[in-house]
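Feature annotations, courtesy of Swiss-Prot:
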type: BINDING; residues: 67, 68, 69, 70, 71, 72, 73, 74; note: ATP binding site
C-alpha cells in the first residue's frame, strides 16, 4: 500500500513522539514482525511463548493472568516460577487466597525450599510486601494469587454486609502507580492472578470483567485470558484439561494471538506432547502412520509414547526445543499449530479485550 510521502513523514514523527513520551512498544503496526528486546522467562509452554512473540513473559513488567475457576491460572504461574528458578532467579509467591499447595508446586518442578511465600492478612499488606521485595532488587519474579483476594483493611475490620464501594479499586490504582517504576528499575516480573466476574445488565457484548478496577488493565504489559476448552481422558478417567490462552494485551509484540496446550493433573503443562506436535508440523520429527522418528531413529508408536521417550531422553528433548525456538522465534515466525491469529474475534475498544 502506497502512502503519501507527507503523511508518512507526519506518521513517523508522531510515532516517534509517542514512543519518546510513553516508551518503546507503546504503539506498533499489528503485523509488524519484531518484538521488544527484553529479557523473558518461559511460561512452560512453547506454543504460548511463541504466541507472546518474545519467547515468554517480560522481566520488569506487570502481567495479568485471568480466567474462570480451575482453568490453570495458578499452574501457569508455578510453571513460570519453576522456569525462573532453573535460571537461578529468586521468586516469591504472595498467597492472598491461602490456597497454595506445596506438594503440587514441587511436582511442577518448583524448588519450594527456596521459594519465598507470604500469606498476608490484608490487601494493603500484600501490596506493601510486593513493593518492599521489588525495591530490594533481590527478587526476580513475584506472583500475587489473587487480586480478588486482596481485601482492603477497612473491609476486614468492618462487618459483613457493610458497603465498601471502590475500596479495592482505589487500593490497586495507588499500588500500580507506586510499583510500575520500581519494577522497571529492579527488572522484576510481577504477575497478578485475577478472577472473572459478570457485569449486571449487559445485553450486548461480553458481560465478563475482572476484579480490582481498571488500573491493572492499563498498567499490565501483558494480559492473558486462560480457559479450559475440554477434558483429556485415559479411557474413562479424566487426567487433564485442554487449555487455550489468548494474549488479549501485549506491549512487547503484536497482541491477539492464542495458544493451545494440555495441562495434566499432578504434572502441569504437557510440554513434551507439545514438542511432538510442533516437531511434526515443522518437519523436525517425522511421522509415518502411528510411528514418530527423529533423525531417522524411531522414538515411539503414538503421541503418548513419543512424549514418554522425550521425558526419558532430556538431551534430545532439549535439542528439539532449542531448534524449534530458533525456527519459531529466531526468524520472527509468530504463528504455530497451537497459536493462531484471532483477528476475527470481537475486540472491546475500551479494554482491548478479545471476546
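From the backbone N, Cα and C atoms, a Cβ is placed for every residue, glycine too.
The binding-site residues considered are 70, 71, 74; of these, 70 has the fewest other C-beta atoms within 10 angstroms of its C-beta. By the criterion of other Cβ atoms within 10 Å of the residue's own Cβ, the least surrounded of the binding-site residues 67, 68, 69, 72, 73 is 69. Report note: the ATP site is defined by 67, 68, 69, 70, 71, 72, 73, 74, and the residues of the same chain whose CB lies within 8 Å of the CB centroid of those residues, excluding them, are 226, 228. In the three-state DSSP scheme, residue 74 (ATP binding site) falls into the helix class.
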